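Asker: Below, the features straight out of TrEMBL:
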type     : residues                                  : note
REGION   : 1-86                                      : region 'Disordered'
COMPBIAS : 8-34                                      : compositional bias 'Polar residues'
COMPBIAS : 35-52                                     : compositional bias 'Basic and acidic residues'
DOMAIN   : 141-283                                   : domain 'Photolyase/cryptochrome alpha/beta'
BINDING  : TYR418, 430-434, TRP470, 473-480, 571-573 : FAD binding site
SITE     : TRP505                                    : site 'Electron transfer via tryptophanyl radical'
SITE     : TRP558                                    : site 'Electron transfer via tryptophanyl radical'
SITE     : TRP581                                    : site 'Electron transfer via tryptophanyl radical'
Amino acid sequence: MAPKRKTSAASEAKQNGNEANGASATPASPSKTVEQTDHEERALDPKLAEHPDESEEETSKPPAKKYKKSSKATDQKGSIDMAQNTVKKGYGADAYAKEGKGWHRSDFNPKDSSKTPLQRLEDSLKKHAPSKIGSAEDGRNVVYWMRMHDLRIHDNRALAHASELAKQRRDKGKGGNLIALHVISPGDFRAHDRSARRIDFVLRTLRDLERKFAEKQIPFVVVTVEPRTAIIDRVFELCKQWGAGQLTANIEYEVDELWRDAKMVDQAGERDVAFSLFHDCYVVPPGKVTTNDGRPYSVFSPWNRKWTDILSKDMSLLDESPEPEPNDKAIRQDKELGALFDLEKLGDGYGIPDQLEGFECADRDYMAKLWPVEGDAAKKVLDNFMEGKGGKTILDAPANEGSENVGANSKESRIGRYSTGRNLVSENGTSRISPYLAAGLVSPRECLRRTMAINKNRLHVGRDSGVAMWNTEVSFRDFYGHVLAAWPKVCMGHAFITKYEDVKWETDSETLQAWKEGRTGYPIVDAAQRQCIKQGYIHNRGRMISAMFLTKHLLHDWREGERHFSLNFVDQDFASNNGGWQWSASTGTDPQPYFRIFNPLSQSEKSDPDGEYIRHFVPELRNVKGNAIHDPFNRLSPAEFKKLGYPKPIVEHKQARERALRRFKNPGDE
């Protein structure tokens, strides 16, 4: 579709974004009562969910035409019912292992299960409660297993519980040393398309945690385990070796990890270990926000109302867990445990590697500067957002670099300006906390406690203030975690709305590569993609614009974009990334309706009105003046445009939109 020159921009939706890790949108303020929730959930067609402020072009449906089902398509209601249950063929079936898409088969999952992995884990925990494992009392010590989403000492539920168990043993004269464990699993990293930058972020954090644990006389043992199916045996072996009868951990909600934990709970009694698991990653535990008849929500607005109601009635969900108590200094003289403070002497497989083979980070010095982890770096990032002045920013500034402190109650603070500032890509208007939330350097509960302190200890969720809007984003992060737990098929490369599995996607590698490298000829899209390349991060508004451009203008499979973000982002989080991509592609839960397609030109003019973001990340356009920065191909003379060395638009908006409407209206058609 060769682009034609034009002189005016098409109208565009004033779509609001979500700062969680991925491209997504936030519905309106939860003003309705919880009693209305179940009725709305049953009545609302998810594909027509609330998305205010679109223009006529974006909200106009294509002409009515009888829907033609393909042989594989199901209707909307059927797709949701089907999604509720685990696919009978079983996770890890070859159907999920499509080469080249980054979809993987599981090494842990059973061949057949009618329950979700979370339900299966909950059943195992009820059947094999730690209190029922009497032999575990013979263990002298306690092991806390730190994972990929809880890399912190403070406000960590499993760690706090492990510390309390160790104290109880000390009080009874049964030893009572606490040992922290982290398992590096390259197999899991490959299965989840972890980026080298994400792994580098984790390794740097582990080194900082090693120092913090050592100050408390707590050994922090880091082991690398391959293959990942060996993790269960390895962890139990270490518990036995260290004389530990108690093991604690926080739950990970990806499919493979849930099945792994269910197997470990089932085996714990035979291994003489009481295995306790805790909900820590999300504010409200997945599976707890349901309709009155016990079904999970597939639409955010009613879910958000119920989530808010649950929190307002049980503020203990926001309680802060204490840091672990120190071990006695005598642990360093213990023949077995004292050696754990010097992992290099323990041989291969122990210790924190400088870099991990297959995940070498080429720009790790720059990543360390941009996304620091040492000391209280994560706290400073949150402090700066709450109390720092909003407005223009230095786009290469470290995440913890502060601006003028104006106080959290100031309308000029970043959180005070958040409801508008979050949509301006060149403004210091977002928190940049996403890498720290994804890896667990800060807890989501802390985020809400901080905003409640601003708002007279009340939880305010909605759109009418920066605080309320940011709390809604925290809720949205929880929502995608709940979706992952309730509909695990999304973790296996499947669209939430089944009929859109039949959409005819383009397979042109040249346009896909042009999008990845920021060579589409659409400045705002290219700036976003080049920020990804340079920083391992994209401003959330840029993520939304870029994701919709790939899936609607270029009509490439959303899974290609999801994987590209995963392989490049420092803040990669599966639930948020998948949820955001499926929202943009109109294939997910409560998605952007397929006929609402962002116009990249008007999005550019709204989100980067002065063009500063574009000029920063697209140097070819650095000297372009005025509003030509948003559309140089149409707003400069042919001679002026040629001198830029910048590509022409690879697709024309109107034609691309019409093609997308055809493909999505009748999935399977050209």
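Here the Cβ of each residue, glycine as well, is placed from N, Cα and C on the backbone.
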Asker: Expressed to the nearest Å, what is the distance separating TRP505 (site 'Electron transfer via tryptophanyl radical') and ASP571 (FAD binding site) at their Cα atoms?
Answerer: 27
Asker: By the count of other Cβ atoms within 10 Å, pick out the sparsest of the recorded positions TYR418, TRP470, TRP505, TRP558, TRP581.
Answerer: TRP505
Asker: Reduce the DSSP letter at ASP571 (FAD binding site) to three states and note it down.
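Answerer: Its secondary structure by DSSP: coil.
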Asker: List the same-chain residues at least 6 positions away in sequence whose Cβ sits under 8 Å from the Cβ of SER475 (FAD binding site), in sequence order, or say none.
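Answerer: Spatial neighbours, sequence-distant, of SER475 (FAD binding site): VAL283, ASN304, TRP307, THR308, VAL461.
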Asker: Which residues, sitting 6 or more apart from ASP478 (FAD binding site) on the same chain, put a CB under 8 Å from its CB?
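Answerer: Expected: TYR282, VAL283, VAL284, VAL289, TRP307, PRO444.
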Asker: Report, as a single number, how many Cβ atoms besides its own are within 10 Å of the Cβ of ARG432 (FAD binding site).
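Answerer: Other Cβ atoms within 10 Å of ARG432 (FAD binding site): 24.
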Asker: For TRP581 (site 'Electron transfer via tryptophanyl radical'), identify the closest of the recorded positions TYR418, TRP558, ASP571, judging by Cα separation.
Answerer: TRP558
Asker: Using all protein chains in view, find how many other C-beta atoms are within 10 Å of the C-beta of ASP571 (FAD binding site).
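Answerer: A 10 Å sphere around the Cβ of ASP571 (FAD binding site) contains 26 other Cβ atoms.
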Asker: Per DSSP, what is the residue count of the domain 'Photolyase/cryptochrome alpha/beta' (141-283) in each of helix, strand and coil?
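Answerer: Counting residues per DSSP class in the domain 'Photolyase/cryptochrome alpha/beta' (141-283), I get 69 helix, 30 strand, 44 coil.
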Asker: Write down the Cα-Cα distance for TRP558 (site 'Electron transfer via tryptophanyl radical') and ASP571 (FAD binding site), rounded and given in Å.
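Answerer: Cα-Cα distance, ASP571 (FAD binding site) to TRP558 (site 'Electron transfer via tryptophanyl radical'): 19 Å.
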Asker: How does the model score the domain 'Photolyase/cryptochrome alpha/beta' (141-283) in terms of mean pLDDT?
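Answerer: Mean model confidence (pLDDT) across the domain 'Photolyase/cryptochrome alpha/beta' (141-283) is 97.
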